[in-house]
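In what follows, a single structure is set out as structure tokens and then discussed.
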Amino acid sequence: MKIHEYQGKEILRNFGVPVPRGIPAFTVQEAVEAAQKLGGPVWVVKAQIHAGGRGKGGGVKVAKTIDDVKRIAGEILGMQLKTHQTGPEGQKVRRLYIEDGADIQKEYYVSAVTDRESQKVAFIASSEGGMDIEEVAHSNPEKIIKVFVDPLVGMTDAQAKEVAAGIGMPADSVAQTVDVLQKLYKCYMETDASLVEINPLNRNSKGEIMALDAKFNFDANALFRHPEIVAYRDLDEEDPAEVEASKFDLAYISLDGNIGCLVNGAGLAMATMDTIKLFGGEPANFLDVGGGATAEKVTEAFKIMLKNPEVKGILVNIFGGIMKCDTIADGVITACKAVNLSVPLVVRMKGTNEDLGKKMLADSGLPIIAADTMAEAATKIVAAVK
């Protein structure tokens, strides 16, 4: 789950990380009132969307008068903000964050992320803040450092100092940087985040350290422990199909292809998409119905896939372990009738009650194309949608 910058800064502030004063706004009038309350003399008007690169896309602008705030807020609110993370369609700006202008002397990058290989928390930092870390990694990889923190020990002073030294933090700011990094680690762990990113972390002319941006991703599996974080969720920023799928406990991610995929198990789902690609097709989605699928869940899965006008065919690939093939067959038959299916459907089933499931499909009278292997299934659905 992602949240907005202003919400992330509220979390950082609660953990003692210095951030500028700011007020969210949902209308131009609220933006003006926020600027008046902050007092100026300089404000930053920031679009709030769940994507990076807002500045380059025209979503972050400096205002030096209240009239500037009013004009800029009017320009940004409601715009389709396009960045390298939104795709060509962009995202509509529905919220703004009006923030005190900052005295920027030097910008740094710092983030905490789970490193599955080392089973530790990786602190990634760079002296090249204020720009995409991907660009830095490509053009100046030597300017990125990584320090791995053992969650059983926590971030030590020595590790925090290693990060500070690695990004060339001046001596008079090292102590505060160590403090900020350790608070950032505490924040990361206690909120069950999967990513916390500050870009930029600013050092002003007085040597003071402050987070000028905040990006959070949270582990969805831990949200039951954090109702205060769930309250930050903004459904307007999420794919409507993915929101609908979550209501039925379906793991769904939209893609750009034209072949809908319904699979049980994340690994098999990814292998299915790879196989479709191998045989010249393009998957329209990732969809894992899980091990407890019912006829209702399968029907809803079909409805969600078919809401995408690009879907020209569907491939169902089931391995019957916990999930019995006859249960899926019943769900597929029910779904086909419920949605009045009009696109080609290929079904491949293996495992528990496989023969019964296949017989149910064959006896249904529906134009279902059967397949025994993944390669055969992929070949048939790719041919059917061309």
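Glycine too: its Cβ is placed from the backbone N, Cα and C atoms.
Here's what Swiss-Prot has on this protein:
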- 9-244: domain 'ATP-grasp' (DOMAIN)
- LYS46, GLY53, ARG54, GLY55, GLU99, ALA102, GLU107: ATP binding site (BINDING)
- ASN199, ASP213: Mg(2+) binding site (BINDING)
- ASN264, GLY321, ILE322, MET323: substrate binding site (BINDING)
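Feature map: annotations from Swiss-Prot on the structure.
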residue	record	Cβ within 10 Å
LYS46	ATP binding site	26
GLY53	ATP binding site	17
ARG54	ATP binding site	22
GLY55	ATP binding site	16
GLU99	ATP binding site	26
GLU107	ATP binding site	19
ASN199	Mg(2+) binding site	22
ASP213	Mg(2+) binding site	24
ASN264	substrate binding site	23
GLY321	substrate binding site	13
Are any of GLY53, ARG54, GLY55, GLU99, GLU107, GLY321 (the binding-site residues) within 10 Å of ASN199 (Mg(2+) binding site) when you go C-alpha to C-alpha, and if so which? GLU107
Using all protein chains in view, find how many other C-beta atoms are within 10 Å of the C-beta of MET323 (substrate binding site). 21
Given GLY55 (ATP binding site) and ASP213 (Mg(2+) binding site), what distance in Å do their CA atoms have, once rounded to a whole number? 11
Compared by Cα position, which of the binding-site residues LYS46, GLU99, ALA102, GLU107, ASP213 is the closest one to ASN264 (substrate binding site)? ASP213
For ALA102 (ATP binding site), the number of other Cβ atoms found within 10 Å of its own Cβ: 16
Using Cβ atoms only, which residues of the same chain lie under 8 Å from ILE322 (substrate binding site) while being at least 6 residues apart in sequence? GLY291, GLY292
MET323 (substrate binding site) and GLY53 (ATP binding site), compared by Cα position, are separated in whole Å by 43
Would you list, in sequence order, the residues of this chain other than ASN264, GLY321, ILE322, MET323 that have their CB within 8 A of the centroid of the site's CB atoms, where the site is the one recorded for substrate? GLY265, GLY290, GLY291, ALA293, ILE318, PHE319, GLY320, LYS324, GLY351, THR352
